[in-house]
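Chemist: Pulled these from TrEMBL:
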type    : residues                     : note
BINDING : L126, G130, H131, L132, E250 : (6S)-5,6,7,8-tetrahydrofolate binding site
DOMAIN  : 14-388                       : domain 'Serine hydroxymethyltransferase-like'
MOD_RES : K235                         : N6-(pyridoxal phosphate)lysine
SITE    : H234                         : site 'Plays an important role in substrate specificity'
Amino acid sequence: MAVTPWGPDFGRLARQDPELAGIILSELDRVAGGLQLIAAENFTSPAVLAALASPLANKYAEGYPGARHHGGCEVVDIAERTAQDRAKALFGAGHANVQPHSGSSAVLAAYAALLRPGDTVLAMALPHGGHLTHGSPANFSGRWFHFIGYGVDPATGLIDYEQLRGLARAHRPKAIVCGSISYPRHPDYAAFRAVADEVGAYLIADAAHPIGLVAGKAAPSPVPYADVVCATTHKVLRGPRGGMLLCGAELAERVDRAVFPFTQGGAQMHTVAAKAVAFGEAAAPAFTAYARRVVANARVLADGLAAEGLAVVTGGTDTHMITADTSPLGLDGRTAKARCAAAGIVLDTVALASATEPGGRVRGLRLGTAAITTQGMGPPEMERIAALVGTVVRDEGVVREKVAELAGRFPPYPDEGRIVQPSEGVGRL
Ligand SMILES: Cc1ncc(COP(=O)(O)O)c(C=O)c1O
C-alpha cells in the first residue's frame, strides 16, 4: 500500500481518484524540487498532517467545550481543551481561543471583541508593512474602522516610535495594532504598551509571523504586554493553517464570543486537534533548537544577500524574515522575483518604505528561513542560497539545476520516496 508523509490513506485516494492524487503529488514534487523561501510557509510534521486527515474533520462542534450546540462532542471537547491548555502553557497566557480559521479571522475577532464600527485604530501603514487586516480599503478592516497608519523610518527601516506616539496623542485611537508582514526586527512591545496606556487604547499584537519564534524562545513575547494577541499557527510555528487568540482571563468571554457566534460558525475540529499536536511539538526542546536555527540561518542569509549587492532592510534580521531592496542591482523586486521563480527559488515581494520613495512604491524581496530550516539546511546552505539568488537576480547564469540539486539533498518529507508505486496509476501533472 502507498505510504505518505501524512498517513496511510493516500493509497486509497490514489486508487479511487488517481487524477487528484497526481495533482497532490505534483505539488509535493514542486516544493521538493525548489527552494521555498516564502516567509509565511513551513512544512508541518507528518503527525500534524495525520491529525488534519483524521475523522475529526467530520464533527460539527459549534460552541466551546462543555457548551456545544451539537451532540456527540465529548471527544472533540477533549481535543479542544488539550489544544487550549497546551497553548496557554506554551505562551504563558491566561486564556487561549484555538478556533479561528485563519490569521485574518483571529484579527477580525480581536477587533470584534474590543471595538465598535467606526472606531479609530492605529496600525502599521500598509506601504510600510501592515497586513490587509490593518486597514486596507479592500478589507473589512478599512471598510468598518477608521485606520491611521504609523510607519518605519525610511532611512533605517525601524519603527518610528516618536511618530507612533505623536499619532496616538493626536488621534486618541481605541486600539493600537502592533504587527507586520515584513518587519524583520523585534517590536518593542513595552514601548507600544506605554503609548497605548498614555492614550487609553487597547494594545492588539498581531504576532502572525513571530509567534513560532516566541514559542521557541527565540523572540520576545507580546503576551505580557498586549490585551489580545492574534496569531497564525502555520508559519514558523509549523502547525496546520489556522489562527489563534491569546488574552488574559478578564477578556476571555469577550474574545470567545467574538469568535463564535459573532464571526465564525462551527470550529474545524481536525484543525483544532492538529493545532494541539503542533503546540505539543513546539513545547519540546527540539523546537527551541529549531527556532534558534531559523534565526541563525536568516542572519547568515541576510549577510550573504548584502554581500551579493542587495540592500538588506535594517541591515539584517532578528527573526526568520529578511526584506531586501534589489534597486542597487538595477532591477525592481517584481522582476527579481520572476527571475528567482524561473530558477526554482520561491519568494515574495513586499512594499518597502525606502528613503527615496517613502510612499511604499518600491517593492523589494521578502525571504524566510522557516521551511528550509525544517528541511535541515544550515549556514553553509544559506551562503549557497545567497550566492544563487545573487546570480539569478543579476541574470548572470542559469542555476535551475544547482537549485534542484541543493533542494534534493534536503527533502521536506524524507520518506517521500516510498509514496506511491507506479503500478497505482498515479500520474503527475
Ligand atoms: C501580520 C499578519 N496578520 C494576519 C495575517 C493573516 O493570516 P491568514 O492568511 O491566515 O488569514 C498574516 C498572514 O500572513 C500576517 O502576516
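Glycine is treated like the rest: Cβ placed from N, Cα and C.
Because TrEMBL annotations are produced automatically, they should be read as predictions rather than curated entries.
Since this is a predicted model, take the numbers as computed values, not measurements.
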Chemist: Taking every residue in the domain 'Serine hydroxymethyltransferase-like' (14-388), what is their average pLDDT?
Modeler: 96
Chemist: Do you know which of the recorded positions G130, H131, L132, H234, K235, E250 end up with C-beta under 6 Å from ligand 1?
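Modeler: Cβ under 6 Å from ligand 1: H131.
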Chemist: What count of other C-beta atoms do you get within 10 angstroms of the C-beta of H234 (site 'Plays an important role in substrate specificity'), across all chains shown?
Modeler: 26
Chemist: I need the least crowded one of these binding-site residues (L126, L132), counting other C-beta atoms within 10 angstroms of each C-beta.
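Modeler: If we count Cβ atoms within 10 Å for the binding-site residues L126, L132, the smallest count is at L132.
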Chemist: To the nearest Å, how far is the Cα of L126 ((6S)-5,6,7,8-tetrahydrofolate binding site) from the Cα of the residue listed as 'N6-(pyridoxal phosphate)lysine'?
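Modeler: Here the two Cα atoms are 20 Å apart.
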Chemist: Would you mind reading off the Cα separation of G130 ((6S)-5,6,7,8-tetrahydrofolate binding site) from the residue listed as 'N6-(pyridoxal phosphate)lysine', to the nearest angstrom?
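Modeler: Distance between the two Cα atoms comes out at 17 Å.
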Chemist: How big is the Cα-to-Cα gap, in Å, between H131 ((6S)-5,6,7,8-tetrahydrofolate binding site) and the residue listed as 'N6-(pyridoxal phosphate)lysine'?
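Modeler: Per the Cα atoms, H131 ((6S)-5,6,7,8-tetrahydrofolate binding site) and the residue listed as 'N6-(pyridoxal phosphate)lysine' stand 15 Å apart.
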Chemist: Please state how far apart, in Å and to a whole number, the two most distant Cα atoms are among L126, G130, H131, L132, E250, the recorded (6S)-5,6,7,8-tetrahydrofolate-binding residues.
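Modeler: Taking every pair among L126, G130, H131, L132, E250, the longest Cα gap is 31 Å.
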Chemist: Considering the recorded positions H131, K235, which residue's Cβ sits among the greatest number of other Cβ atoms within 10 Å?
Modeler: K235
Chemist: At the Cα level, what's the spacing in Å between E250 ((6S)-5,6,7,8-tetrahydrofolate binding site) and H234 (site 'Plays an important role in substrate specificity'), rounded?
Modeler: 27
Chemist: Any idea what the Cα distance is from H234 (site 'Plays an important role in substrate specificity') over to L132 ((6S)-5,6,7,8-tetrahydrofolate binding site), rounded to a whole Å?
Modeler: 18
Chemist: Counting Cβ atoms within 10 Å across all protein chains shown, which of the binding-site residues G130, E250 comes out on top?
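Modeler: Highest number of other Cβ atoms within 10 Å: G130.
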Chemist: If you measure the residue listed as 'N6-(pyridoxal phosphate)lysine' to L132 ((6S)-5,6,7,8-tetrahydrofolate binding site) at Cα, how many Å is it?
Modeler: 17
Chemist: DSSP three-state call for G130 ((6S)-5,6,7,8-tetrahydrofolate binding site): helix, strand or coil?
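Modeler: Going by the DSSP assignment, G130 ((6S)-5,6,7,8-tetrahydrofolate binding site) belongs to neither helix nor strand, so it counts as coil.
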